[in-house]
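Some features that Swiss-Prot has for this protein:
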type: REGION; residues: 1-37; note: region 'Disordered'
type: COMPBIAS; residues: 14-28; note: compositional bias 'Acidic residues'
type: REGION; residues: 147-175; note: region 'Disordered'
type: COMPBIAS; residues: 148-161; note: compositional bias 'Acidic residues'
type: BINDING; residues: H306, H308, D319; note: Zn(2+) binding site
type: MOTIF; residues: 306-319; note: motif 'JAMM motif'
Amino acid sequence: MGSEPPSSPQVVEEGADEEDEELSGAEDADLRSSSGRGSLLTRRGITLRVLLKDGLVEPGDGVLSIHYLGKKFVGDLLNDGKIRWVETGQIFNSPSAWATHCKRLVNPAKKSGCGWASVRYRGQKLVQYKTTWLHKYQPSADMSLISEGEDDEMGDDDEEEGKTTIPVEDKNKKSKPELHEIGLTQRRDRERIPVRYCTLGTRDAARDPHTLVELSAFSAINRFQPFNVAVSSNVLLLMDFHCHLTSSEVVGYLGGRWDTNTQLLTVLRAFPCRTRLADKDAAPAVEEEICQNLFMRGLSLVGWYHSHPRGPALPSLQDIDSQMDHQLRLQGSSNGFQPCLGIICGPYYHGNQGVASTITPFWVVPPPEQRPNDHGIPVAVEVTYVQDNFLTTDVLNEMMLLVEFYRSAPDLVQFSQMWSPNTSILDKIKASLSGHAPKDQAYAQILEHVYNQLRNTQ
């Protein structure tokens, strides 16, 4: 997009962004599910017009800014919620459109708009004002306002590159050690001591976004858990298997159903993302495939998972912001309020009890209304785990696809190496997955075929 002189402003439509269209996938396809329209990465959300209407922000000259790879861009917030870039006078319909345009000027390879996480209003990220809006209006928000047409992405930070799926911790690390070096990294993992939420205070740009935060209990903040959760054992088995395959972080989505009458969220299926976090080109196809799988099975998008390969299964500050952003997106569903479950899996942390992975379901409560610049509060979610009758063909096929995907990966785990003096890594995986076994004991023979494939990858 070329620059226009101030006397002839160019209006950049939000929908004109090729990158936003790529990432949104089936944006106009109604999945007939409580997750509403849009792909798994983007969906209709709160707009600047909504924040202006409700008094959370005010129009003004030079109140918006983007800091990206050492460059600063300044914009005016107009009365109608549009953005005028001060340097050229161009008009943009959304933060995503402006952010994408500016970032492409600095880095032409940039593939994604990321306005709400990158654009700042009076020095504070716009996503923080979304959080304040959610706190005031959840769960009885005006759905017509929520769907006014902002597409944004899950938490693309100002200075960081290389993500294609939902934001995860350590996304900007250029390389990670092989698992056989895990003994060398054990001491470093333990030095990442989680902090208590009460010690965080107001957001501080100087604080490491990878800082881990202990989970609070709903009762500790004088709340009741506003929904019940049931998770299928097959979901845990596939997720745990996925997280064990590589020494790098992985991500995936959770499909299920939300019953507004019983306030029960049932997680029935895991959908691993078979793509590298830095592979921008492959992400849209992977997202579209998962979107179609959800639709064909009559499931809704109900959450996401990611791994902390060698660290505690606790959310980082970055994870907290990502989870809050996900919750905002599902807030705009056709059923009104719908929870979005976050799960962190820690497969190779030596602080785990025994050989089993630590699996942590969590949710984020918006900060107190009088402290809108605080981080959201990460809370532990009580979950009922439901043992499936048998291992489904879907799960088995997905496991085999994952083996093939990571077969030649440089960070593939060395399964024959030792996890402990008496336990190989493959034996550790078997033991961890046995904790998610179905009732039908024939599953062990079925999984042995998968384990043989793992042996053949070395």
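Each Cβ is built from the backbone N, Cα and C atoms, and glycine gets one as well.
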So for H308 (Zn(2+) binding site), how many other CB atoms are inside 10 Å of its CB? 28
For D319 (Zn(2+) binding site), what is the tally of other C-beta atoms lying within 10 angstroms of its C-beta? 25
Mean of the pLDDT scores, which run from 0 to 100, over the motif 'JAMM motif' (306-319): 95
